[in-house]
Amino acid sequence: MSITIKDVEHVANLARLELSNEEKEQFTGQLNAILKYAEKLNSLDTDNVEPTSHVLPITNVMREDITRESLPIEKVLLNAPDEEDGQIKVPAVLE
Amino acid sequence: MSLFDLRLQDVHSKLNNKELTVSDLVNASYRRITETDETIKAFLTLNEENARREADNLDKQLQEGGERGLLFGLPAGVKDNIVTEGLLTTCASQFLSNYNPIYDATTVSKLKSAQSVTIGKLNMDEFAMGGSNENSSYYPTRNPWNPEYVPGGSSGGSAASVAAGQVYFSLGSDTGGSIRQPAAYCGIVGLKPTYGLVSRFGLVAFASSLDQIGPLTKNVEDSAYVLQAIAGYDEKDSTSANVNIPDYTSALTGDVKGLRIGVPREYLGEGIDPQVKEAVMQALKTFESMGATWEEVSLPHTEYAIATYYLLASSEASSNLARFDGVRYGVRADNPDNLIDLYRKSRSQGFGPEVKRRIMLGTYALSSGYYDAYYLKAQKVRTLIKQDFDNVFNQYDIIIGPTAPTTAFKIGDQVGDPLTMYLNDICTIPVSLAGIPAISVPCGTADGMPIGLQIIGKAFDESTVLRAAHAFEQQTEFHKSRPQLG
């Protein structure tokens, strides 16, 4: 499998990244090298191997569903780049 | 001798006897930073005003008497991906250049309970992605043993600040070796605890199934004390392990008689610097002389670990870093055409090249059509790598090898070749994938640069790891040498 500039553009779009032409070319080469290296995993037979997504035997950590105090709005908005009336402001989504 | 070379008990008895104040310790820290950090560049943000106020408070408490925290009065540095309320936390990224956290990470709250004093925030590779600190978007940290060399990474600032005597200890984070490798390169002690032992709440996530916070210290005893202070179950971290926390310092008996050591041949094979190998072999002789035994063992899937790691860690990163969209915090790009454009421009302007590269790799590995071939495959190989360790630990108490195949390299030498840079992590990455604890301790030098010995243990058996590391330290002088600076 070889990655083309088109693939890089597609992935960049999925990742919400805007790449310069130079970056696109560089990443095409570098990602190809890394993925070629990763192909060595294919030499291992893993048909009967369970995947490890997490090393600890912990699943479904629950807590009691009780209402707790939230952070104050002023604190939550402290780092917001733009805000109005206690809400975070972004460009219009609908025309 | 620096105040920070004193043993913790000696610092505390001097405080008791009024030979020393916490303000003296904090002053010594900032003085040393003023003297050396123009060269070393370990710090991104200083917490000077608050730290001096805190020192005054602790000195008052000292006069009044009463119960004191385990790390009372000790100047501490915190890696800049661990959030600190009211203290800038940038992850060495332009994206978070203005990020002022509204809460403390659990480890930071625990340091506050233990009454250490936070001196400032430490430089790192951007979002912990890298092994040299050259990926900091502000400036690279330099190795105190030779400023032309990298300090390692990603916790390079954490390691350099301890090695340079700027702080008593520091916290770092380790995803694939980011505590152990810089500790090795800077000639200090770095411990990556078992996954789940230390809370990740407030650690800005890179790869959630691998990330773990741990101490960087001058010696093993300090490492045990800091681990004691930060370990423990945290309901705010759903991957936190609910296990009993033993008394780590009581494990430091100096006795390793009968300890069974496995030495993986894969860690001493091709690519390892002969001087590093020689230092490891000498260390094994030291263990033998103390009554431990060692045998060569095999971790047969080692050669697959780096590919596995870069697929899994990058996939997790691509998902974790989706939160950096310029909406709620961080730097927002000017004049976006619409909301999607706002995400795109903010992310493209805010992230550096290595971060973009890993987001791209991870997004590709998780994308439709490739998930099974890359991500799922890597998760299966992770199982095989973990089983390698399980098999060895059926017959051995610890595993010993080098922390890194070489000593620190020169700044600029490996930039532009990400794959070679990734190969530096061959001895630390398998351990991270298995989630088990490991410590790096100084075991010699090659051409003036420090070499690290890696001691790996069973899950949640930090006590044996610390006991072995401490016994080795008692027999050697490596941990006592300090770089000559300014």
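Along the chain as shown, residues are numbered 1 onward.
A Cβ is built for glycine as well, from the same backbone N, Cα and C atoms used for every other residue.
Pulled from TrEMBL, these are the features on record:
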DOMAIN    B:24-466  domain 'Amidase'
COILED    B:41-68  coiled coil
ACT_SITE  B:Lys79  active site, charge relay system
ACT_SITE  B:Ser154  active site, charge relay system
ACT_SITE  B:Ser178  active site, acyl-ester intermediate
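Here the Cα atom of B:Lys79 (active site, charge relay system) is found 11 Å from that of the residue listed as 'active site, acyl-ester intermediate'.
Cβ-based neighbour count (10 Å, all protein chains) for B:Lys79 (active site, charge relay system) stands at 32. Rounded to a whole value, the Cα-Cα separation of B:Ser178 (active site, acyl-ester intermediate) and B:Ser154 (active site, charge relay system) is 5 Å. Secondary structure from DSSP puts B:Ser154 (active site, charge relay system) in coil. A 10 Å cutoff on Cβ-Cβ distances gives the residue listed as 'active site, acyl-ester intermediate' a total of 36 other Cβ atoms nearby, all chains included. Long-range C-beta contacts of B:Ser154 (active site, charge relay system), restricted to its own chain and to partners at least six residues apart, with a cutoff below 8 Å, comprise B:Met124, B:Asp125, B:Ala128, B:Met129, B:Gly130, B:Gly131, B:Asn133, B:Asn135, B:Gly172, B:Ser173, B:Thr175, B:Ser178, B:Pro182.
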